[in-house]
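Asker: Straight out of Swiss-Prot:
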- Thr5: active site (ACT_SITE)
- Gly161, Cys164, Thr167: Na(+) binding site (BINDING)
Amino acid sequence: MFHATTILAYKGKNKSVIGGDGQVSFGNTVLKNNAVKIRKLNNGKVLAGFAGSTADAFNLFDMFEKLLSSSKGDLLKAAIDFSKEWRKDKYLRKLEAMMLVLDRNHIFLLSGTGDVVEPEDGAIAAIGSGGNYALSAARALAKHSNLDEENLVKESLQIAGEICIYTNTNIKTYVIEDDK
């Protein structure tokens, strides 16, 4: 498990949201409280976040962004191509990072072994040391509250930040809304 962060992605009825905390840890020490581990890609039509080694994650972001561009913004194709590249490249197979990527149609977890996983419910995914806390909170809030998508992500990450020592409550979110 990566003791680095918590990233939560939620694909709701009207919006897709990704959120992450701001803590950067090195061993038992907090190095930074306001890091941004999420990004907008493809002119804001795709959202992505990472957990794990920061240097490795930036390499993965760059590679994924190139594949997304070459696939003309097709997230599914880019995710599959990403997995193929990851498995072919010996250097990439040693990277210690995971990513979540989503648009209004899909949400994928890209694992450190090159796997591409779409969550069973197709709506909620989380990674990082606080990922299971955030995922549990998001599932409960999605089922038992009337929170909008962005507030659901924020509240879920808040809960994870209160439980996981590698996650803080300095939360950043990005949103994709349906075209009106």
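Each residue, glycine too, has its Cβ placed from N, Cα and C.
Computed from a predicted structure; not experimentally measured.
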Asker: What does the structure give for the C-alpha distance between Thr167 (Na(+) binding site) and Thr5 (active site)? Integer Å is fine.
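Answerer: Computed Cα spacing between Thr167 (Na(+) binding site) and Thr5 (active site) is 5 Å.
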Asker: Quick one: which residues besides Gly161, Cys164, Thr167 have a Cβ within 8 Å of the Na(+) site's Cβ centroid, in sequence order?
Answerer: Thr6, Asp21, Gln23, Ser129, Gly130, Tyr133, Ala134, Leu157, Ala160, Glu162, Ile163, Ile165, Tyr166, Asn168, Thr169
Asker: What's the number of neighbouring CB atoms sitting within 10 A of the CB on the residue listed as 'active site'?
Answerer: 31
Asker: Including all protein chains shown, what's the count of other C-beta atoms within 10 A of the C-beta of Thr167 (Na(+) binding site)?
Answerer: 31
Asker: Mind giving me a neighbour count for Gly161 (Na(+) binding site)? Other Cβ atoms within 10 Å of its Cβ, every protein chain shown.
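Answerer: Within a 10 Å radius of the Cβ of Gly161 (Na(+) binding site) lie 22 other Cβ atoms.
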Asker: Give the helix, strand or coil assignment DSSP yields for Gly161 (Na(+) binding site).
Answerer: helix
Asker: According to DSSP, does Thr5 (active site) sit in a helix, a strand, or coil?
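Answerer: For Thr5 (active site) - judged by DSSP and reduced to three states - the answer is coil.
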